[in-house]
Amino acid sequence: MSMPVRGKGKRDHRFDNVDHALSLFNKMIEKYPKPSIVEFNKLLGAIVKMKHYAIVVSKYRQIELLGVSHNVYSMNILINCFCQLGRIDFGFSVLGKMLKLGVEPSAVTFSTLINGLCNRSKISEAFCMFDEMTEKGYQPNLIVYSTVLKGLSKTGNTDRAVRFLRLMEGRGYEPNIVAYSTVIDCLCKNGLLKEALDLFSEVKVKGIRPNIITYNCLIHGMCNLGQQEEATRLLNEMVDNNISINIDTYNILIDALCKEGTISKAVETIDMMRKQGIEPNVVTYNTLVDAHCKDGMVFEAEDIIDAMIKRGIEPDVVTYNALINGHFLQNEMDKARRVFNLMIEKRCEPDIVTYSTMINGYCKGKRLDEAMELFHEISLKGPIPDTVTYSTLLQSMFQLGRVSTACELFRKMLASGQVPDLVTCSILLNGLGKTGDIEEAVKLFQAM
């Protein structure tokens with residue numbers, strides 16, 4: 001898709017990629033007199049939309065050397081780029097430079113920095129920034145309030161999120177449905193369904209129309225607490241209110257039905273979904289594959305995978321992980337390995353769940369050497385082995401009497417920076433305790 005850059009009184013410049021954009025930039029810097037910062041902002045703002053943040057930073061430095069003065073818009077773009085690159089510290093340096101040059105920060109300036117802090121889960125710093133903003137007389141707008149609210153909800157700060165919602169109202173900013181949905185989602189994810197429903201009722205009393213996201217959050221919360229009947233009631237309410245049910249809504253219900261063990265009802269829901277013109281996606285199929293595998297119906301799960309491929313949906317890492325786990329649950333280790341080899345052949349990159357499932361399956365089948373081969377593979381090329389993987393291997397080693405190998409692995413775990421949890425420590429103590437090697441246990445714990 002071509003990105004337009006409009007010059008005042010001139011035809012649009014259009015480019016299809018970053019190289020084309022940079023070619024235009026090079027032409028601009030050769031002009032005399034130099035284009036204004038406004039013209040550069042239009043071009044580089046478009047490159048930001050292409051997510052080439054580092055390039056934008058370097059080009060703004062080049063503009064400075066040409067003697068073109070920055071304005072608040074250009075500095076906001078710079079701050080955004082630094083935040084996107086994970087260098088919030090440089091973003092704050094730009095803010096300092098703005099104040100030094102007498103460039104007045106805008107609400108966007110603060111909103112961008114607050115968003116950067118929230119994305120890094122630095123909620124306390126984001127709050128400090130918000131307070132500093134108001135103390136200095138800058139009036140936060142709805143974007144700033146929504147950004148902080150999103151950060152609080154993302155990190156599970158339910159009490160503070162609700163209080164902040166009330167603060168918005170108290171300062172004359174009526175939260176919109178996005179803000180309410182954010183808090184409702186946070187409450188549901190923390191199991192506070194009653195509070196979420198109270199807030200939902202408040203939304204309706206205020207005449208604010210709930211959207212699909214609001215309903216999906218509540219349905220998900222109900223399903224997580226096993227309240228499928230209430231979820232169905234809410235589904236009917238959506239239909240009555242002419243809110244189109246989307247694939248996400250159905251996937252929530254299908255997942256809940258599968259976890260409840262009622263796979264037949266999940267299949268019925270998919271049939272109903274199709275009648276409404278909504279086709280299952282990879283998430284839908286993965287839920288069914290996983291449910292069938294856990295229920296010992298691996299052959300049926302393979303049929304489902306064949307059906308999804310015929311419909312043009314390629315299996316992803318989640319699909320393969322479910323099938324591998326299903327084979328291991330049936331003690332079909334060689335079949336699990338064939339699925340593992342197939343996913344690599346299909347260029348579907350195994351993740352830590354894949355490797356952990358394979359290692360766990362091999363360990364339970366007392367095929368430790370094959371488990372260790374996979375462990376060495378991930379140690380060399382990633383993903384990084386987690387505590388669960390180490391604990392699984394240690395347990396197997398002690399069960400097979402390979403005590404010295406277990407101690408060596410534990411040392412490697414410490415050297416890798418992984419922190420042993422209670423399960424790992426219990427495995428180590430029990431394993432060494434049975435051999436009477438308490439002295440070795442003391443040495444290993446001292447190494448921690």
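Using the three backbone atoms N, Cα and C, a Cβ is placed for every residue, glycine included.
Just so it is clear, the model here is predicted, and its values are computed rather than measured.
Noted in TrEMBL for the protein shown:
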- 71-105: repeat 'PPR' (REPEAT)
- 106-140: repeat 'PPR' (REPEAT)
- 141-175: repeat 'PPR' (REPEAT)
- 176-210: repeat 'PPR' (REPEAT)
- 211-245: repeat 'PPR' (REPEAT)
- 246-280: repeat 'PPR' (REPEAT)
- 281-315: repeat 'PPR' (REPEAT)
- 316-350: repeat 'PPR' (REPEAT)
- 351-385: repeat 'PPR' (REPEAT)
- 386-420: repeat 'PPR' (REPEAT)
- 421-448: repeat 'PPR' (REPEAT)
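Mapped onto DSSP helix, strand and coil, the repeat 'PPR' (351-385) counts 27 helix, 0 strand, 8 coil. Taken together, the residues in the repeat 'PPR' (106-140) have a mean pLDDT of 84 on the 0 to 100 scale.
With DSSP states grouped into helix (H, G, I), strand (E, B) and coil, the repeat 'PPR' (281-315) comes out at 26 helix, 0 strand, 9 coil.
For the repeat 'PPR' (316-350), the number of residues in each DSSP class (helix H, G, I; strand E, B; coil) is 26 helix, 0 strand, 9 coil.
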